[in-house]
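Asker: This is the structure I have questions about; it appears just below.
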Amino acid sequence: MAEQGGNESLKSSSLGPYEEAMEALSSLITRRTRADGTNMGDHFDLLFDYLKMLDLEEPIANMKIIHVAGTKGKGSTCTFTESILRNCGFHTGLFTSPHLIDIRERFRLDGVEICEEKFLAYFWWCFDRLKDKTDDNIPMPTYFRFLALLAFKIFAAEQVDVAIMEVGLGGKFDATNVVQAPIVCGITSLGYDHMEILGNTLGEIAGEKAGIFKNRIPAFTVPQPDEAMHVLKEKASQLNVPLQVTALLDAKLLNGLRLGLEGEHQYLNAGLAIALCSTWLKRTGHLGDICLEQTDNLPEQFIKGLTSASLQGRAQIVPDQHIKSERSNDLVFYLDGAHSPESMEVCARWFSLAIKEYNPDQALWHLQPDNSKFSHEIVKTQHGERGSRIKSTPILLFNCLTVRDPQLLLPRLMKTCADHGVYFKKALFVPSLSVYNKVGSQPLTLTDSKVDLSWQFTLQRVWENLMQGNKVKSTDNVSEELKDDMEMSANNCEHSAVFASLPIAIKWLRDRVQQNQSVRFQVLVTGSLHLVGDVLKLVKK
């Protein structure tokens with residue numbers, strides 16, 4: 001393994017070893033727009049200089065890589081793919097983004113995030129070598145580029161059998177696209193996102209994603225809008241890429257089990273993952289005892305991989321673990337990092353069904369994924385006779401980046417929920433806790449008097465206008481328990497409130513639950529994976 005070094009100029013005796021690494025990593029964050037075609041991919045060719053500096057050219061050429069791009073479902077597809085191949089007995093490496101709580105989540109070996117000791121050793125080996133060899137002509141790589149290089153270093157040094165690489169943004173100029181000869185490529189569902197970088201039409205976006213296609217390397221995608229599919233097929237034809245469209249996984253093939261990732265859309269991602277794994281096994285000569293020829297059943301290893309896969313922040317249900325009573329199930333967070341119009345609709349559908357299924361007044365069966373076997377843990381609650389008089393109250397906790405259009409996101413969310421008979425009693429808008437120019441753990445303070453809430457007020461106005469325009473039935477009976485004690489909010493309206501910080505909003509929710517014995521809050525957290533990660537930090541022990 002690499003020896004741990006360290007750049008002395010970036011080290012401080014007051015910081016621990018991990019914090020020192022996070023300080024060094026933070027120094028690579030820039031405010032510049034990420035790579036796109038207008039700036040020649042922000043000097044994309046520099047990446048090949050970095051590979052030379054890190055002696056990674058040959059290891060990457062020898063690596064058996066699965067490369068996945070797309071707008072929605074990249075992380076889920078990669079997670080399914082890794083889980084399947086791990087359950088087939090292979091030593092796996094998985095690189096995904098973003099992380100929710102800890103940067104090490106991005107680098108997984110055999111399904112587990114890399115340990116701190118290994119992370120630090122590989123981190124400083126790469127960082128110090130690049131510091132020594134870069135100059136004014138070839139500057140240090142930016143944040144995401146460094147992380148992608150680090151992933152390649154980790155997977156090469158750990159001698160993984162397969163590396164599953166999720167594109168960070170776009171495809172053509174993404175840092176992961178230094179891969180010249182992957183075993184197979186995948187493109188998940190395409191939609192409108194990062195249009196300021198990737199283009200304003202689905203065709204332009206598809207063109208960027210198809211940038212990961214390589215000459216004669218097989219590729220798979222899911223059903224796409226006509227405009228996007230036309231571009232994908234055209235790009236594939238130019239490179240002699242055999243492009244195939246995969247179908248939804250038939251749930252019957254799971255033999256009565258459920259996918260490890262919740263939501264109907266996951267059957268699309270699972271279908272793509274199966275095609276990627278099957279092709280990887282065939283092209284690497286690893287078919288062995290794994291029978292893939294029958295279409296009416298799946299190999300046992302595939303079923304186990306699909307049903308045991310897990311991914312934080314996507315259709316995840318987490319009861320608040322800090323309520324100081326036995327009533328921990330009376331504040332439940334439903335977390336999904338949806339941030340495009342299409343994924344917002346999928347998220348709303350999942351939430352609407354999940355709050356009806358999730359009934360903590362009865363014994364619940366939770367599938368506990370682990371690497372070797374299935375175990376079922378029965379979770380019992382102590383609500384008993386209170387169950388019949390408890391009132392479930394849907395709450396929205398929302399934030400999104402300013403490059404998103406809330407006029408596209410919030411109506412899709414509200415309408416889809418309403419179509420399923422779910423009406424939010426209150427929408428809470430909060431600024432992000434995450435500091436975008438710093439990596440690592442920042443203290444989660446209750447408030448910051450200097451915080452700019454103008455964007456949250458904009459989101460609130462959009463929501464209030466929607467509520468007034470729709471006159472949905474939640475407007476008729478705003479819950480009494482939500483009318484009181486609003487002095488903690490920065491701005492309270494009839495159907496929404498802005499809070500100066502996420503911890504204040506969480507404290508307000510906890511106080512309401514503690515003070516009202518007859519209410520259970522079901523809080524949908526969405527709009528941003530950063531927000532989801534911040535909530536997880538606050539509600540998980």
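Backbone N, Cα and C define each Cβ position, glycine as well.
Quick paste from TrEMBL:
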- SER97, GLU166, HIS194: Mg(2+) binding site (BINDING)
- ARG314, ASP336: ATP binding site (BINDING)
- 68-241: domain 'Mur ligase central' (DOMAIN)
Asker: If you skip the near sequence neighbours and keep only those at least six away, which residues in the chain come within under 8 angstroms of ARG314 (ATP binding site), Cβ to Cβ?
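Answerer: Result: GLY75, SER76, LEU261, GLU262, GLY263, ASP336, GLY337.
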Asker: Across all chains shown, how many C-beta atoms besides its own are within 10 angstroms of the C-beta of SER97 (Mg(2+) binding site)?
Answerer: 19
Asker: May I ask which residues of the same chain, at least 6 positions away in sequence, place their Cβ under 8 angstroms from the Cβ of GLU166 (Mg(2+) binding site)?
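Answerer: Correct list: VAL68, LYS74, GLY75, CYS78, LEU94, PHE95, THR96, SER97, THR176.
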